[in-house]
Amino acid sequence: MEIKKISDYIWEIPATEKEGMRVPARIYATEKLLHEMDSGVFEQITNVACLPGIQKYAYCMPDGHQGYGFPIGGVAAFSKEDGVISPGGIGFDINCGMRLIRTDLTVSEVLPRIRELVDLLFKTVPAGVGSKGLMKLSVEELKQVMIRGVDWCIESGFGWERDRERIEENGRISGADPSKVSEKAISRGISQLGTLGSGNHYLEVQIATPENIFDKSMAKALGIFENQAVIMVHCGSRGFGHQVGSDYLRIFDTAMKKYGIVVRDRELACAPFNSPEGQDYFKAMKCAANMAFANRQVIVHRLREVFSEVFRREPEDMGMDIVYDVAHNIAKIETHEVDGVEKELVVHRKGSTRCFGPGRAELPEIYRKTGQPVIIGGSMETGSYLLVGTEKAMSETFGSTMHGSGRTMSRAAAKKKVTGSEIKKKMEEEGIIVKSTSMTGLAEEAGFAYKNISEVVDTMEMAGVSRKVVRLKPIGNIKG
Amino acid sequence: MPYRYLEDIATSDAAFEAEGRTLEELFRDAAVATSEVMVDTKSVEPRITREIELRDETVDGLFFDWLSELVYLKDAESLLFSIFDVNIRENGGYELRAKVSGENINQEKHGLRADVKAVTYHMFEVKKTGENWTARVILDI
């Protein structure tokens, strides 16, 4: 496959590479990361470049690796008028995302209590295969969650008024329609609000050590200070969103014939955005996205309670505000410039984070000047990052950057190299207390199964798309 | 070879190939392979039985729905299964009647593994090769 070097951090596969490519594919990576990418990435991103109505480029971020349909780390924007929407470009875990919560607590206050914190968090935030939340909603309540997301949570006592503006889309995407969601999705998700799930999902207590703060004034603007303890949550819409994705994949698989769309991978099943199927999926996807915002909100409410119990102080008194909440598996209508003209686009991000630069109307007043906070989750061993978006992101990547470090080794291979108890012991030696419902799950998430997160984050920094603010080091981790 | 996991084609997910002399064997073994991603099925006792009835025009559509149904029951009814008794009839399309036995998820008792989110269509294949039926599946983790 011909890969042209555009700059030290951008690589391009021309549209002549594969029959049916409508635009070139662009991969953000250092030369080293590019060479380490599996061949599936190149195959998959050029398949995406074939989809009807795609604009400018099919992008893959530096954390890219082969997924199903789209590569993980994929970004594609389609014309709202004559483009498509594809559940495979969003992922089954609709609005899987990251949330960062700050505290006024320092490492010296939190470290002596970390085992107690991890134990109580593990009891309070259900995790693991098929886990149920601590409350069961009625169908009507779940429909309210679908329509109103975090608004429902705040009105029900699971959060603060000011939480809202610190969440992408204010935690509520308008236009969600529960009538487009199956009964199966409802019965699958009705008991799961406030649960973490499994795989790479986690809840982590982290610290901001002085040497890891790259931009002090920006850190201050985002509420971060030296030796501070923060909490990061990574999870999505649980079985509810997974079922919405599965239901519509089946519907689109059939509908494609009707619309005469042929795709190179069945998982790229799509429908015209303006078709009945496309609109129904978009309305159902919004239900799942709102459920995911609400899921992370209930988890934050629970962890505020846990911190309050352990430190015997009110969460407000400990400054436990949300820094920000980002979605990294979603499609959204956004306005971007294409060939000098502002156009409304259906932007798909699958394992990619929105990273809008300063001044964008979508950003809340508190972050209008800084640019959007971007939360990048690393492996449980290696740490995570808080970044901000830039103006260059707007002109180059439809305001998108990576979502994590990206796997390099399969789950099956990781399990052969190490056991869960070995990882647990090693992490404790490194000062990270971990608690999981699954020891094999721990082995699958070993740090060596992932790319070097700093290399990935530095790529987008050097490319000018997102800017580093702070690297966060884990000290306690809850996993499913 | 009832089933084997594939290491190289799904970095963050779980992939497997299954093979059976009959469609029933294929469906049963793929159900075990899917369940084994989520739990050590040896730790799951057959205490609760559910009957599953599905119909589809195509064999691969039926196979997709069958595995999806097991993923659905894991969340909707908190059930994991270890025994799968499958009957399939060709009748214009394909009809499945199955009895699946297992128990409610118990974190203390069961050797839990990874939560399967969905069955994907990526590299999805069900076909008859010579005398045997084979399938390839990637599960989203």
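The backbone N, Cα and C atoms fix where each Cβ goes, glycine too.
TrEMBL does not curate its annotations; it predicts them automatically.
Pulled from TrEMBL, these are the features on record:
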type	residues	note
BINDING	B:D13, B:D140, B:I141	Ca(2+) binding site
DOMAIN	B:3-141	domain 'Archease'
Report task. Restricting to the same chain and to sequence separations of six or more, state which residues have a Cβ under 8 Å from that of B:D140 (Ca(2+) binding site). Result -> B:D13, B:V116, B:K117, B:A118, B:V119, B:T120
Requested in this report: Inside 10 Å of the Cβ of B:I141 (Ca(2+) binding site), count up the other Cβ atoms and send me the figure.
Outcome: 24
**Report entry** Tally of residues which DSSP labels helix, strand or coil - the domain 'Archease' (B:3-141)
**Finding:** 37 helix, 63 strand, 39 coil
